[in-house]
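Reviewing the structure listed below.
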Amino acid sequence: MDLWLKEGQISDAVMTYKIKETLVRKKTEYQDLAIVDTYALGRMLVLDGIVQTSIKDEYVYHEMITHIPLYTHPNPKKVLVVGGGDGGTIREILKHPSVEKAVLCEIDEEVVKECKKHLPEISNNALEDSRCEVFIGDGIKYVNEHKNEFDVVIIDSTDPFGAAEGLFGGSFYGKISECLTEDGIFVAQTETPFYLPEIVKRVYDDSKAVFPVTKLFMAAIPTYPSGYWSFTIGSKKHDPEKAPVPEVLPFETKYYTPRLHSASFVLPKFVENLIFANISE
């Protein structure tokens, strides 16, 4: 008998994956956690029934959420990641030679532990790097307790439900601004404009109310609903579209390129209409 994973993040649409093997499934203090091996996309991290990442395409998300803000900032030395227990974002951050310290703040220790065990190629030992500090705890509380400390804050969260819901609130972005240095930058994954336009619009508006420079950029991520995903970047000073990205990167990537950095900010008309005007049916 075939076993299928059915993901129902969108109420009127589902995605299904044929499972080869269930590697772990448990109830943690915060969520249901599973790691499954699928035929189509390899091993996947699944939280509360929603796919978070897969071995086959994880690099798209992790490269885009990292290199866009880190190349926008002229000298990022200290970076905070809220969420991101799989370690992929830390892996990409530590490719930048200017980075002296990267803090991973993950609320669920089981995510870190099980990803190290079953998805080791995602972190690629980055969490053991001397520049990385892993803090198990509430990201909102951590941000509130640190002022004028980080050059870049990356919200590498699950979807805006359950434990991650507070990470999408407008008041939280004000706290992030206080956590950042005077020319700091923040970025967050902000869902798909196809199925969740109201979230994309709300986060964009909330960021714009706090950060003078707020932009939306896009990436093609097959694992996620619609395959077309948005990220919102907020900056106190620096424009990500004018970032001085080197013509040749000093490290290897699979998705991000200097030309793609600029191109990712070119939005289709329906997304422009969404963020620059009222949502229409």
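The backbone N, Cα and C atoms fix where each Cβ goes, glycine too.
Per Swiss-Prot, S-methyl-5'-thioadenosine is bound by GLN31, ASP138, GLY139; the candidate from GLU58, GLU106, GLU109, GLU114 named for the same site is GLU106. Residue annotation for S-methyl-5'-thioadenosine gives GLN31, GLU106, ASP138, GLY139. The furthest Cα pair among them is separated by 16 Å. Distance noted between the C-alpha atoms of ASP138 (S-methyl-5'-thioadenosine binding site) and SER157 (spermidine binding site) is 12 Å. Reduced to three states, the DSSP call for GLN31 (S-methyl-5'-thioadenosine binding site) is coil.
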